[in-house]
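If you look up Swiss-Prot, you'll see 1-8, 62-78, 128-131, 183-194, 255-264, 310-345 marked as topological domain 'Cytoplasmic'. Annotation source Swiss-Prot lists transmembrane segment at 9-29, 41-61, 79-101, 105-127, 132-150, 162-182, 195-215, 234-254, 265-285, 289-309. Residues or ranges marked as topological domain 'Lumenal' by Swiss-Prot on the basis of similarity to another entry: 30-40, 151-161, 216-233. According to Swiss-Prot, the feature region 'Disordered' maps to 319-345. Summarising the annotation, Swiss-Prot assigns compositional bias 'Polar residues' to 329-345.
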């Protein structure tokens, strides 16, 4: 394949969009596979493996000159550490919520983070909420209520388990919003790019996660055997590694998508991606398919599309040039992700 063909492929909008969706779905499903394994209770270990694999993967990609990011600097690491600590809180609460809730319900409730972030931007960054954005928020809340109702009606789990799942989901929405808003401010001060952010986030989270797994999780032989039974050990470890690589894929394809299309297109893709993600959860994990669950998924999907359109209109009013692909410097995917809330995951 000649360089001209490779160049055409790299600039095609279809491949990065599909790649982003596949990476996002793959990460969520592999996480759910591990967390739904019978008796699995070592969430911090899972997150440690993911972060370690992620750092190793982007290190290899940097050596191959596929990507580039800053070399480690102790001063920058000290300045960035609080963000990584918030990241640990966010990904741990996300893992607990995903452990107790079905993939469709988890996906729908993640929309609520967008609302918290939007009003956080109003308070701290001078943002504003338009009527159409407010309407999309109403749809998000409605879809979450319908999803919770359908989940409670059809769930075979004990009510205590469901309550735990929704409690972790609320905590995840709050920690997710805190992480995104704090990271936005730090990015402005450090001028970090996508892979700078990814490198420091994952590298600095590793020692925190190692301490948490060593001191809060049961490392007895019996519990290790329960978490990694001989007949499923390889599959669980492979899923852990794949989820770590998928997080790299999400970051890379996010930047790629923004570069060859526009930040608006990226926002829309994030909204549209919720539908196949929810459907994948129904297909692969036998989540109950009821009128309520399907209605909630459709409402969540529509709310995401309306939100993306609202953000597109705001961007158009702010700077007409930015709605045209390749007519401006690419927006940092991490910054855009902050506006639109995705575990990348």
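Every residue gets a Cβ built from N, Cα and C, even glycine.
By the Cβ criterion (under 8 Å, sequence separation of 6 or more), the transmembrane segment (234-254) is not in contact with the transmembrane segment (132-150), since fewer than 3 such pairs are found. Within its own chain, the transmembrane segment (162-182) has Cβ neighbours under 8 Å at 82-83, 86-87, 89-90, 93-94, 96-97, 99-101, 105-106, 109-110, 112-113, 116-117, 120-121, 124-125, 148, 151-152, 155, 337-338, 341, counting only residues six or more beyond its boundaries.
As a quick check, the transmembrane segment (41-61) and the transmembrane segment (105-127) miss the bar of 3 or more Cβ pairs under 8 A, pairs 6 or more apart, so the two do not touch. The helix, strand and coil residue counts that DSSP assigns across the topological domain 'Lumenal' (216-233) are 9 helix, 0 strand, 9 coil.
The transmembrane segment (289-309) and the transmembrane segment (105-127) are in contact, since at least 3 Cβ pairs between them lie under 8 Å (pairs 6 or more apart in sequence). Long-range contacts of the topological domain 'Cytoplasmic' (62-78) within the same chain: residues 190, 192-193, 195-196, 198-200, 203-204, 252, each at least 6 residues beyond the stretch ends and with a Cβ under 8 Å from a Cβ of the stretch.
Sequence-distant contacts of the topological domain 'Lumenal' (216-233), counting only residues of its own chain at least 6 positions beyond either end whose CB sits under 8 Å from a CB of the stretch, comprise 37, 39-45.
Remote same-chain partners of the topological domain 'Cytoplasmic' (128-131), defined as residues 6 or more beyond its termini with a Cβ less than 8 Å from a stretch Cβ, comprise 118-119, 122, 137, 310, 313-314. In terms of DSSP secondary structure, the topological domain 'Lumenal' (30-40) contains 6 helix, 0 strand, 5 coil. Counting residues 6+ beyond its ends, the topological domain 'Lumenal' (30-40) has Cβ neighbours under 8 Å at 46, 95, 98-99, 103, 226-227, 232, 235-236, 239-240, 242-243, 246, 281, 284-285, 343, 345 in the same chain.
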